[in-house]
């Protein structure tokens, strides 16, 4: 009986250790995932802190120039003017 309890305790303890996953690191403001290789539907843009690629979905657009697109949303329209 003791042997069965000991085996059960070892089995449960090893299952908890083996089943634990590493948390997936996110990058680009939670738009991408840090992986060693990107999936077919993803593109690598730069590297994460873990020296893995930051993989983004193909539909995610990033402005590399830092210039905002020409939209109606602007800083002047967002904040009220102070007289």
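Each Cβ is built from the backbone N, Cα and C atoms, and glycine gets one as well.
Pulled from Swiss-Prot:
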type	residues	note
DISULFID	27-54	disulfide bond
DISULFID	34-48	disulfide bond
DISULFID	38-55	disulfide bond
SIGNAL	1-19	signal peptide
From 27, 48, 54: disulfide-bonded residues whose CA lies within 10 A of residue 38 (disulfide bond): 54
Integer Cα-Cα distance in angstrom, residue 48 (disulfide bond) to residue 27 (disulfide bond): 7
Residue pair residue 34 (disulfide bond), residue 54 (disulfide bond) - Cα distance, angstrom, rounded: 5
DSSP three-state assignment for residue 38 (disulfide bond): coil
Pairwise CA distance, residue 27 (disulfide bond) versus residue 55 (disulfide bond), rounded so that it is a whole Å: 8
Mapped DSSP class for residue 54 (disulfide bond), helix or strand or coil: strand
